[in-house]
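Participant: Let me begin by handing over the structure; questions about it come next.
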Amino acid sequence: MASASCLCLAVLLAMASAAAAQLSSTFYDTSCPNALSTIKSAVTTAVNNEPRMGASLLRMHFHDCFVDGCDASVLLNDTATFTGEQGAIPNKNSLRGFTVIDNIKAQVEAVCNQTVSCADILAVAARDSVVALGGPSWTVLLGRRDSTNASKSNAESDLPGPNFDLSNLTQLFANKNLNVTDLVALSGGHTIGQAQCRFFRDHIYNDTNINSTFASSLQGNCPRASGSGDANLAPLDAPSPTTFNNDYFNSLLSQKGLLHSDQELFNGGSADSTVRSFASSASAFSSAFTAAMVKMGNISPKTGSQGQIRLSCSKVN
């Protein structure tokens, strides 16, 4: 039985590697040579109009990949008879940027009809968002296809929560073949963007591993009572919320992580040394972040004849 299980695991790993291997940076060079420039232009315009949108698009790619792979399942709208990932607790009334993606898709469709997948648009838009906010670039592998379904339950089980501890985070990322360095690097995406009070309320009122002055400064806009000010926003990286840099890690060293899960990365555990490394070296963070983004982008892509190329990102063909 043990050898049979090992064989099955080996086959599954080989299949996953084969799927990732089918992705290529040159996938659209012939079929849609203007795809990447079209996406970049649209993302840059959106981020210039609203810098927070860069963080929103990066987060959407993350939430897509962690639930059944990078297949644009997160973009499928809920309907009267269907509740997908958008209705899941981590996403509902929180995930944003859908209109921007729809706009990008329309522009891409105008230059290449039903050629570029929504999953690839998400992956490229995440990269271009980081670049637009001053962060590093990386080569995005392409060739993903779009799912024909979405799972609310998988979104609620596979996405990390703001109250997770380091053990929970480490296991969740390991389930996606991402190690502790990847976990810390990808969490560094919180160098941009904002979070709602309902996601950091417990941390600023009940945790002890938080700078007391920092906690007090947040309490005025985030009342203790649940249901009061739930959607009020605070920057995940107060020193530079619209610039992609390594300030987030220096904030963790000072116990100024906004989310419980942020501060768990520097709380006397196995991730401390990585946080210190990234805090002291922006280049070390950039290198690890780009490598982790490529790994995350390779999580269970649909390729070949799997899935479809959606005409509209919000619904199946």
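Even glycines carry a Cβ here, placed using N, Cα and C.
Just so you know, TrEMBL annotations are computer predictions that nobody has curated.
From a predicted model like this one, the values you see are computed outputs, not experimental measurements.
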Participant: Just confirming the record: what cysteine out of CYS70, CYS112, CYS118, CYS197 does TrEMBL connect to CYS32 via a disulfide?
Facilitator: CYS112
Participant: Would you mind checking which of CYS70, CYS118, CYS197 shares a disulfide with CYS313 in TrEMBL?
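Facilitator: Recorded partner, per TrEMBL: CYS118.
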Participant: Can you tell me how far the Cα of PRO160 (substrate binding site) sits from the Cα of CYS65 (disulfide bond), in Å?
Facilitator: 12
Participant: Neighbour count first, Cβ atoms within 10 Å, every protein chain included; then name which of CYS112, CYS197 tops the list of disulfide-bonded residues.
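Facilitator: Per the Cβ count, the most surrounded site is CYS197.
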Participant: List the Cα distance (Å, whole number) between CYS313 (disulfide bond) and CYS112 (disulfide bond).
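Facilitator: The separation of the Cα atoms works out to 15 Å.
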Participant: Out of these disulfide-bonded residues, CYS32, CYS65, CYS118, CYS222, CYS313, which one has the fewest other C-beta atoms within 10 Å of its own C-beta?
Facilitator: CYS32
Participant: Compared by Cα position, which of the disulfide-bonded residues CYS32, CYS112, CYS118 is the closest one to CYS70 (disulfide bond)?
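Facilitator: Sorting the disulfide-bonded residues by distance from CYS70 (disulfide bond), the top entry is CYS118.
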